[in-house]
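Among the features that Swiss-Prot reports, (6S)-5,6,7,8-tetrahydrofolate binding site is placed at S109, L110, L111, P112, with the record citing sequence analysis.
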Amino acid sequence: MRIVFMGTPEFAIPSLEMLVRERYEVAAVVTQPDKPKGRGKKTAMPPVKEFAIKNNIEVLQPSKVKTPEFVSTIRELRPDLLVTAAYGKILPQEVLDIPPYGCVNVHGSLLPKYRGAAPINWAIINGEKVTGITTMYTDAGMDTGDMLLKAEIEISDDMTAGELHDKLACLGAEVLRETLKKIEDSTLQRIPQPHEQATYAPMLDKTVGCINWSKSARDVHNLVRGTNPWPVAFTYYKGQKMKVWVTSVLDEENHNFTPGTILKVGKDGLVVACGVGKVVIKEVQFDSSRRMTVEEYICGHKVGEGEVLGQ
C-alpha cells in the first residue's frame, strides 16, 4: 500500500516508524514548516521531518493546504491512503478525495470525547481516569469522521501529560497497524460518531497554566499534571512568577485557611491550602533559575509559613 503520511510533533513518530518497519511504501511525508524555537529562536525542524530525512523519505512542508498547488502535488504522488497523526491542519475535501482508501487519522482520545488539538492535556486537567486512541476516517470537519478502532489506557493519579503522551504515541502506532491490516483484508467497520456526546480539547496557551487556589486540591494537582511539560502550571510568590512542576494531593478535607496559604515548609515540599484540601508543591522554577526541588530552593531562600501564593 502506497501511503502519504502527514504529521508534525513527536506524537506522530511511532506511527511513521511503524509504517517504515512494516515496509509500507511511504511516498512522502507532509509536515509543518520549520519554526523558530526556544529562547534563541533558532529555526528548528519538526520531529517528523528529522525522521523522514534520516530514512530518505521525501518531505513536503506547505504553508497552506487549501491551494491548487498542494492538491496537485498530492495527486501526483498517487497515494492509496493518507495517514495523519497530529499534523496540525484540517485537510480540504479535495485532498481527502484523492486516495482510493481515503484518509485515516490517529487521534489521542476516545472519540467523540476530546476532539481538537490538545486531547492528552485536557483529559488529565479534567481528571479523567481512562483515555485512549481512536483511529478514524478523516472528513472535512475537526475530528468528526467515522471511528474505526479504539484502545484504552488508564491514567494514574500522578501521570503527567508528557508521560501519557509517550504511552499514547506508542499505542497509536499499534492501533494504526491493526487498522491498516483490516483495511487490507476488507474487514474494517466504520462507526459513526455520536456527535451529541462530543467534547472538545482546544489548543493550550500559557494562560491555561495559571493556578486558581480556590479550586480543590485535586483540580490543582490535575492542572499541574496536565500542563507538564508545557505550558507548565504557575502561580506568583512575592510578585515573582513561580512555575509549579510537580505536586501531590495531601488531603481533600474542608478547612478554614485562605486558599493559596503556605501551611508548612519542609524538605518534602510546601503544603498549600486549596479551596478544598491541600497540595504539596515538590518542584518549582523561577524565571531566572533552573527547575529544582523545594528542598533545594529553601536552602537558599526563606519561605515563610502563612505567606499566600498567587500575589
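Each Cβ is built from the backbone N, Cα and C atoms, and glycine gets one as well.
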Residues within 8 Å of the S109, L110, L111, P112 Cβ centre (excluding the (6S)-5,6,7,8-tetrahydrofolate site residues themselves): H107, K113, Y114, R115, P119, G132, T134, D143, M147, K150, Q193
Chain-internal residues near L110 ((6S)-5,6,7,8-tetrahydrofolate binding site), provided their CB is under 8 angstroms and they sit 6+ positions away: V130, T131, G132, I133, T134, K150, E152
Spatial neighbours, same chain, of P112 ((6S)-5,6,7,8-tetrahydrofolate binding site) - Cβ under 8 Å, 6+ residues apart: D143, Q193, P194, H195, Q197, A198, T199
